[in-house]
Amino acid sequence: MSFTTQEEIKSFGGKIVKLQHDSKETKTKMDVNLYLPKQYYEKPDTKLPVLVFLSGLSCTPNNCSEKGFWQPYCNEYGFAMVFPDTSPRGAGVEGEDETYKFGTGAGFYVDATEEKWSKNYRMYSYISKELLPGLASAYSQLDFDNISITGHSMGGYGALMFYFRHPGRFKSVSAFAPISNPSNGEWGRTGFSVYLGNDKSKWAEYDPTELIKKYDGPTTPILIHTGKADPHYYEEHQLLPENLLKASEESKLKGKIISHMEDGYNHSFYFVSSFTKDHAAHHAKYLGLTSKL
Ligand SMILES: N[C@@H](CCC(=O)N[C@@H](CS)C(=O)NCC(=O)O)C(=O)O
């Protein structure tokens, strides 16, 4: 797979690298951002671990690159970051630009089985089978065997879902305001029914609250933050972290979910970036890194 560099922007001593490539999974061009920390340039012989950040509804790779404030922590610990896009863009599927809830910016990290969407909306295979292996070949200085995953909202769901479906592939997972039980909230039900149809057994293959019950991998603690003043949490009940916690009690991960419910925080990147430091420290620990500051 070949990547074209669209832009390189120096930031906190490292660089945000904006890449584009042709995807065989989505059959469109895809954008992805990387953050290469200062160690990438200063120590070319050292392999660097990687943290993947999956974004939420309506986001491009730029939202978190600009507003997540990860760069200082990538430099503090010495890990690179990957910010994938949230869907194909310009696939030409009828209705894909109708709403922020499905289509462009809202791929839900699934491989669609509904015919209309199934040719392009293949974000599950795109991320796991195309993007990460492609970046691993293109950036030999990055260690894609020492990788962790996090995300926000739809991306928090995505991070948990990839982690539970691939036991051991990621060293750790964390999430900010994850859609923890998509089958039971309006955002998740809308996305899942559009892409997967109405067969709930297909939804269960992606729903973290279902997947955790069968999970049989490492028992690394999982860090979750949710804002109590997030209307998508307390008013719309889109996030349902309690359902995931309850399911975890009957699972191999009993007692392993560290869930912080934070007073006064909403759903935005003002909330996410307030806890970036904690999530960076969490992943650094399981990626075998310690603070260099
Ligand atoms: N009101 C939002 C709903 C979607 C939303 O809240 N998106 C969150 C993730 S679920 C987000 O990160 N938006 C982009 C941003 O804040 O930069 C919209 O219409 O875009």
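Using N, Cα and C of the backbone, Cβ positions are placed for all residues, glycine too.
In TrEMBL, annotation is done automatically, which means it is predicted and not curated.
Values in this document were obtained by computation on a predicted structure and should not be read as measured data.
According to TrEMBL, the feature active site, charge relay system maps to Ser153, Asp230, His267.
Features as recorded by TrEMBL, highlighted on the structure.
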| residue | record | DSSP class |
| --- | --- | --- |
| Ser153 | active site, charge relay system | coil |
| Asp230 | active site, charge relay system | coil |
| His267 | active site, charge relay system | coil |
Cβ-Cβ neighbours of Asp230 (active site, charge relay system) (radius 10 Å): 21
Whole-number Å value for how far Asp230 (active site, charge relay system) lies from His267 (active site, charge relay system) (Cα to Cα): 5
Rounded inter-Cα distance in Å - Ser153 (active site, charge relay system), Asp230 (active site, charge relay system): 11
Those active-site residues listed as Ser153, His267, and which of them has the most Cβ atoms within 10 Å of its own Cβ: Ser153
